[in-house]
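Annotation comment: TrEMBL describes 99-129, 363-396 as region 'Disordered'. Feature annotation from TrEMBL assigns domain 'SRCR' to 172-273, 296-447, 472-572, 582-632, 640-744. TrEMBL lists Cys198-Cys262, Cys211-Cys272, Cys242-Cys252, Cys413-Cys423, Cys497-Cys561, Cys510-Cys571, Cys541-Cys551, Cys711-Cys721 with the feature disulfide bond. Here TrEMBL flags 387-396 as compositional bias 'Basic and acidic residues'.
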Amino acid sequence: SSRHCCPWGTAVTSSTTHLRSSRPASCTSCARCCPRTRESFTECAGRVWTVIPKLQRSSRHTPISSVTGCPGGSTALLPRRATGCAPACAAALPLPGAAGHSPPRAGRGGQPQPGDLPAERTQGQRQADMGSCGTWAWRELLVLLGGVWLWVGSAQPTPPGPTHSPGPQLKFRLAGYPRKHNEGRVEVFYNEEWGTICDDDFTLANAHVLCRHLGFVAATGWAHSAKYGKGVGRIWLDNVNCAGGEKSIGDCKHRGWGNSDCSHEEDAGVICKDERIPGFKDSNVIETEQSHVEEVRLRPAVSGARRQLPVTEGIVEVRYKDGWAQICDEGWSSQNSRVVCGMMGFPAEKKINRNFYKRLKRAARTKGQSLRPGSRLASKSQPKQKRREDVGSKKRLFTERQQLNYRLHSVSCTGTEVHLSMCAFEFYRGNASATCGAGMPAVVSCVPGPLFATGSAHKKKQRQQQPGQARIRLKGGAKVGEGRVEVLRSSEWGTICDDRWNLLSASVVCRELGFGSAKEALTGARMGQGTGPIHLNEVQCLGTEKSLWSCPFKNITQEDCKHTEDAAVRCNIPYMGYENLIRLSGGRSRFEGRVEVAVGAGDGDQPRWGLVCGEGWGTLEAMVACRQLGLGFANHGLQIRLSGGRTAFEGRVEVKRGSKWGVVCSDGWTTKEAMVACRQLGLGYSLHAVTETWYWDASNVTEMVLSGVKCAGHEMSLSHCQHHGTSLNCRNTGTRFAAGVICSETASDLLLHAPLVQETAYIEDRPLHMLYCAAEENCLSSSARLANWPYGHRRLLRFSSQIHNNGRADFRPKAGRHSWVWHECHRHYHSMDIFTHYDILTPNGTKVAEGHKASFCLEDTECEEDVAKRYECANFGEQGITVGCWDLYRHDIDCQWIDITDVKPGNYILQVVINPNFEVAESDFTNNAMKCNCKYDGHRIWVHSCHIGDALSEEANKRFEQYPGQLNNQIS
């Protein structure tokens, strides 16, 4: 192979390579002056070029059918792989035997036509050709140098136009929207300084280039006018113009680095699709693009196991091309099994009964002959039915074994890998099944975690669990097996800093919690920020530890980490097939719709689908429904689905009973029930619990089959919630009043800043003549109505409340703008009637006083660094709380108090509950309650020991109060 260099420096090898796919502009301009036909060549600025045709996929390695006319008739061959320009006679190669090529076709006058191959030439002719072409090459070289000199002189940049300057390797980041890692203000690191990009001439093509550079598959939109806040420092780029295929924004046309007429009010932002590019370099995410092992499964070898979920034992198979292949079990170890079980969602492996599979192997050698139940292969100690089943499974294994396709062998894992592709292994080449010495596929058996074990196995696991509270948990995740990692230390829950957080440490967490190995080790508070202390830093596990506490770590110092660096995980969980027991219908997407459930789905039975009565259906019920969609924990119960929605995330909930689908009664259907439905469907959180779904009536399901659904909100399936069973008791019948949900993969997470309440609490005796607005808003206790207005006063416990949104989505009021209420005293609209409850409780939980703040205006009072405010109450603005911001209710505003005029001296509990009626979905409701100890002597009050509801251990909570269960303003 000979090599020749184009003027721009791109090397072309005549027989083995092709022009680089990202050709410089000089080659492109040359191609323009060349006729775009597959056979022609021409002279461009004193240089001879040939156009390499763009071929069909089938001719990837075939030489071009056309040849260039070099002096003396010699030819230059280039591979047919891409369209581009190359010097035609810089290296003239003799044409080989032309095997597989047709002889030249004669055109008019007997002259060869473009695209024809020349006839085979003699050795002497070829040598003469090379000599004449070499003589001609010297003349051409002089012309080439003159052309290059003219081309360089004409290539001077013109100042007014945009320039193209690839420059050095650039760094990009998204800012202004923490914990939403796929959108934000674009910032670029250039010349040792971070800066922004102006939104002038910004397009979606620019956003595509930026998102791909950051590792996302594409962009879904872009933002202008500093939507994500104004940046600081330089504005590096302006008038960026990308075609969409560039590798970096620096390869696009622009005004030049640092040349801009913009201000930071014009900073551009992008919204990327939350899907990573396979193979993108990220040490905390499993990427298998370069590996030949991308998907692994367990295929049961026994017929009975095929109907049982999860599958805990079977033949290991890997995806190979368009089918599945087996692994030769020679040298298979327990470490290999541990890796496979971790991928399947199981924390540990167990030893298999190899004798059983050896008997299956011998049974296969009988070539399908009937196996007598009394033979050695069928143990006499087994029941007759069991023996028949084993015989049948042996016959099936023989049939399947004829199709065994071994592709991997010599697999060697250490046991700490999170994916089989990370182990050492070898591939068989060709059809090499016979080379597997053992002649058997690899088989593994896994131990399910306590959440996924059923029947006696589950009970045995519960008995084996040691008493005491767990010291590790996941919070804030939309699905089972994911969330922010929190650990219990010194009776207080705290988070882990993400310094050196990796897949090994994340896998130890996942296995300790009863899941498999880790899919992702998330950093940067991707599952929301925690509260309280940060207990651990720089956790460095080896992957073999049984508990995270066995790993080396550093104690945190105040300046080491912030909650913006909280570590999180996504774990592998077993496939349960539970999404087949619930569905949504009528929604705009798969994330919303009317809830439909299936019941009576036993072995061999066709389940019956129906609706769920919406009576009592609320946000927590909807959360359970959303969680069940795809994430069940048993192989029996209610099948549910969504139907009729505009997207897959909404619709009417339909359940299946027997072979029929039906709807759910919406009586009592709340956010709690909707959250369970969304969870069961694998659709994350519930945004809304819908009680009238006539506009989602898209399916032919008309029968109501479920009513009285009542969930706590933490259930994994609607079948785990209370309901009326087979009997129906629905106040509003018909599909119009069927329950529905709108699900979302992200949700807000509100919590109160407890130290501020403790620091600002005090007593004020306020004159009645200053409380008219408060009386109008019903912010005083009932005894105030009997007071001698405007004389006298009321004793008020005042404090400030600062409510943070630490979730992954903005907190928005449930009611639309059309239903907001104007308040004349406050001169703004109120979007929520009940947002927080303020209560004074006795130690046994009896409520003796309460705050009556009836309505709220939600806005961003302050935000974290680099987070822009989005909501404000003034001028009928949009209301809500942005992620990373907080809404502050100062102690000196109306109704920010509890009227304690009638409270006697004593010891009490001050309780504040945010979003008490679960009107708006959140990723975590357990941190919505805050409690403080209070001592009141009739004149002064001492408030101390304020903490969020789930921040302390169970023992600490018991020491704190005699009655620990006051969370939702309801006294039983």
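Yeah, the Cβs are placed from backbone N, Cα and C, and that goes for glycine too.
All annotation found in TrEMBL is predicted automatically rather than curated by experts.
With the fewest other C-beta atoms within 10 Å around its C-beta, Cys561 stands out among the disulfide-bonded residues Cys497, Cys510, Cys561, Cys571.
In the three-state DSSP assignment, the secondary structure recorded for Cys272 (disulfide bond) is strand. Each residue contributes its Cα atom, and for Cys252 (disulfide bond) and Cys198 (disulfide bond) those atoms are 14 Å apart. Between Cys262 (disulfide bond) and Cys423 (disulfide bond), the C-alpha separation comes to 52 Å. Neighbour counts of Cβ atoms within 10 Å were compared for the disulfide-bonded residues Cys211, Cys242, Cys262, Cys711, Cys721, and the top value is held by Cys711. Of the listed disulfide-bonded residues Cys272, Cys413, Cys541, Cys551, the Cβ environment within 10 Å is emptiest of other Cβ atoms at Cys551. Cα of Cys541 (disulfide bond) to Cα of Cys497 (disulfide bond): a span of 14 Å.
A 10 Å cutoff on Cβ-Cβ distances gives Cys252 (disulfide bond) a total of 22 other Cβ atoms nearby, all chains included.
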